[in-house]
Amino acid sequence: MSASNPPSSPERDPEDSSSAHDEGPVNGDGKHNSKPGTVSWGDLPRKDQLLIITLTRLSEPLVQTSIQSYMFYQLRWFDPSLPDSAISSQAGILHASFTAAQFLTAMMWGRIADSSHFGRKKVLLIGLGGTLLSCVGFAFSTSFWQALFFRSLGGITNGNIGVLRTMISETVREKKYQSRAFLLLPMTFNVGVIIGPILGGILSDPAGSYPDIFGDNKFLQRFPYATPNLVSAFFLFCAMLGTLDAKFGKRDRGLELGKRLTAWFRKGHGGEGYTLLSDQDQDATVSELEETHPDQDFHQTKPVRPRSRYTQRLPFRRIFTPNVTATLVASFLLPFHLGTFNSLWFVFLSTPVNDPSTDLQSHVPNPSIQRSPFFFTGGLGLRPREVGLAMAILGVIGIALQLLVYPTLSARLGTVASWRLFLFFFPVAYFLVPYLSLVPSASPAPLPKDGVWVWLSIVGVLFLQVVGRTFALPAQTILVNNCTPHPSVLGTVHGIGQSVSSFARSVGPILGGFVYGFGLENGVVGLVFWCLAGVAVSNLVASLFVREGDGHEIWLEGDQDDE
């Protein structure tokens with residue numbers, strides 16, 4: 001294989017994130033009718049395909065955030081003798097086990113999804129099925145090691161994020177739609193963040209939470225945290241059914257057989273017969289209709305299939321161009337501090353409130369040394385339902401911003417500029433998080449924190465964190481997608497990106513859990529959050545070396561520019 005310039009293709013500025021086809025439809029005068037900023041949600045192509053993709057994506061955050069709302073209390077149920085610092089370390093390990101297992105297999109699933117003999121659909125079904133088994137096993141776990149095994153099982157079989165990103169890229173080829181199309185996955189994540197914690201908080205330990213109704217139920221007493229996991233397993237099963245009915249860019253003989261049987265049945269009852277058209281027949285039919293009705297665009301109703309622009313596959317050793325490497329470094333730092341915060345947030349909310357007047361809490365070595373601004377300890381002491389509500393606030397703020405603010409602002413600023421700008425929000429948010437434990441509460445310690453000021457402070461800090469996440473995550477996904485040096489390795493690059501992200505989300509929570517426990521034992525609960533602020537600053541610096549590519553930096557013999 002040898003690199004070559006694209007035949008008869010215009011030169012592209014590598015810093016330019018747009019191309020000729022980004023400027024909208026062309027009218028009779030050769031002028032463009034729209035600009036990239038005018039794209040709306042209704043303009044997105046292949047909405048049926050995108051719907052299946054988003055429903056598949058919904059299942060994972062639904063499961064993960066549901067578990068987080070009661071994980072601290074489930075770990076305490078496993079072994080009531082453990083101190084809070086040990087539970088926080090276990091929570092970090094359990095949270096990281098899923099993503100650690102994903103790290104080991106994500107690139108493999110990306111390569112398998114690129115294979116013509118296997119494909120995207122089978123990879124998605126394996127991921128959903130493995131996560132379903134993981135949920136059922138986690139539901140009936142009675143020890144930390146059992147829970148760790150089943151969470152790891154779910155991660156090993158689940159490489160869906162990288163595959164789903166690849167599918168969006170193949171479904172939505174034009175860059176003018178990408179700011180909205182790639183927003184679907186984080187927006188779906190926020191929907192899961194809203195629903196999951198609320199379900200987890202309400203359904204966890206029903207015998208203890210609702211003793212008048214479920215207090216005598218032996219099953220719920222033996223498995224107090226089974227109910228939310230079984231509900232999550234039901235959602236995963238529904239996602240599998242939706243994926244089975246989907247057709248992902250390739251010929252689906254099952255669907256074709258169903259359509260032929262339906263057409264035969266209708267024809268037998270006096271209806272018009274229906275036969276599948278080949279691509280050539282469809283092109284001919286559309287051309288005939290355009291000749292007779294020149295004022296209508298019949299291509300809008302024709303399914304848009306991804307077209308191959310290459311005949312050779314880029315060798316693996318040539319994937320890591322300077323821009324790919326810089327993008328992957330940034331792709332490590334962002335999920336590192338995001339994943340660590342997500343794992344510590346619910347632990348911090350569940351950690352008992354510090355009572356300086358007593359020395360009953362094992363994680364307070366000497367209450368007399370507690371003093372602001374850095375030497376203080378304790379959490380908010382919220383119960384599972386309140387933890388679920390506080391976590392759901394993340395999703396509510398996020399989805400509101402994604403629907404109302406992100407598309408317009410991203411179109412005006414551009415992908416790289418908006419990404420860099422909103423990375424500034426993370427250090428500020430992380431620095432302020434531990435001070436929530438110092439906000440005056442309506443109830444005296446050691447009762448859980450409550451009152452207007454407490455919840456206003458929670459919303460304020462979360463607003464900063466979610467604003468950064470809302471703009472940074474979809475932009476990061478677009479940058480990973482567009483840094484791909486050749487279309488033949490798109491799935492592989494997304495698999496590598498998911499591996500890097502999974503590794504970061506594995507290492508971060510484990511380290512964060514130990515640092516958080518160390519801080520509790522030494523009266524500095526904010527230590528881990530201030531370390532995260534430092535990582536977020538490093539992410540800012542790394543972003544300066546990233547540029548947006550065009551997805552086809554390297555050209556091989558036989559490549560065709562069909563854009």
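All positions are counted from 1 along the displayed chain.
Heads up, the Cβ atoms here are built off N, Cα and C, so glycines get one too.
If you look up TrEMBL, you'll see 1-41 marked as region 'Disordered'.
Here TrEMBL flags 18-32 as compositional bias 'Basic and acidic residues'.
Among the features that TrEMBL reports, domain 'Major facilitator superfamily (MFS) profile' is placed at 49-551.
The annotation transmembrane segment is assigned in TrEMBL to 92-111 (among others). Here the transmembrane segment (92-111) has long-range neighbours at 64, 68, 71, 75, 123, 127, 144, 147-148, 151-163, 166, 339, 342-344, 347, 491-496, 498-499, 501-503, 505-514, 516, meaning same-chain residues at least 6 beyond its ends whose C-beta is under 8 angstroms from one of its own.
Nonlocal intrachain contacts for the transmembrane segment (123-142), taken as residues 6+ away from its ends with a CB within less than 8 angstroms of a stretch CB, comprise 56, 59-60, 63, 67, 78, 109, 112-113, 149-151, 153-160, 163-164, 223, 225-227, 229-230, 232-233, 236-237, 239-240, 243-244. Here TrEMBL flags 123-142 (among others) as transmembrane segment.
Same-chain neighbours of the transmembrane segment (148-168): 49-50, 53, 56-57, 60, 63, 93-94, 97-102, 104-106, 108-110, 113, 120, 123-124, 126-131, 133-135, 137-138, 141, 181-182, 184-185, 248-249, 477, 480-481, 490-491, 494-495, 497-498, 501-502, counting only residues six or more beyond its ends whose CB sits under 8 Å from a CB of the stretch. Marked as transmembrane segment by TrEMBL: 148-168 (among others).
Same-chain neighbours of the transmembrane segment (180-203): 39, 41, 44, 50, 53-55, 57-70, 161, 164-165, 168, 171-172, 227-228, 231-232, 383-392, 394-396, 398-399, 402-403, 406-407, 469-470, 473-474, 477-478, 481, counting only residues six or more beyond its ends whose CB sits under 8 Å from a CB of the stretch. What TrEMBL records for 180-203 (among others) is transmembrane segment.
What TrEMBL lists as transmembrane segment is 223-244 (among others).
The annotation transmembrane segment is assigned in TrEMBL to 319-338 (among others). Within the same chain, residues 423, 426, 430, 469, 472-473, 476, 479-480, 483-485, 489, 492-493, 496-497, 500-501, 503-505, 507-508, 532, 535-536, 538-539, 542-543, 545-547, 549, 553-554 sit at least 6 positions outside the transmembrane segment (319-338) and bring their C-beta atoms closer than 8 Å to a C-beta of that stretch.
For 387-409 (among others), the entry in TrEMBL reads transmembrane segment.
Under the heading transmembrane segment, TrEMBL lists 421-440 (among others).
The transmembrane segment annotation in TrEMBL covers 452-472 (among others).
Summarising the annotation, TrEMBL assigns transmembrane segment to 524-546 (among others). With a threshold of 8 Å between CB atoms, the same-chain residues lying at least 6 positions outside the transmembrane segment (524-546) that come near it are 323, 326-327, 329-330, 333-334, 336-337, 340-341, 344, 348, 351, 374-379, 416, 419-420, 423-424, 426-428, 430-431, 433-435, 437, 479, 483, 512, 515-516, 518.
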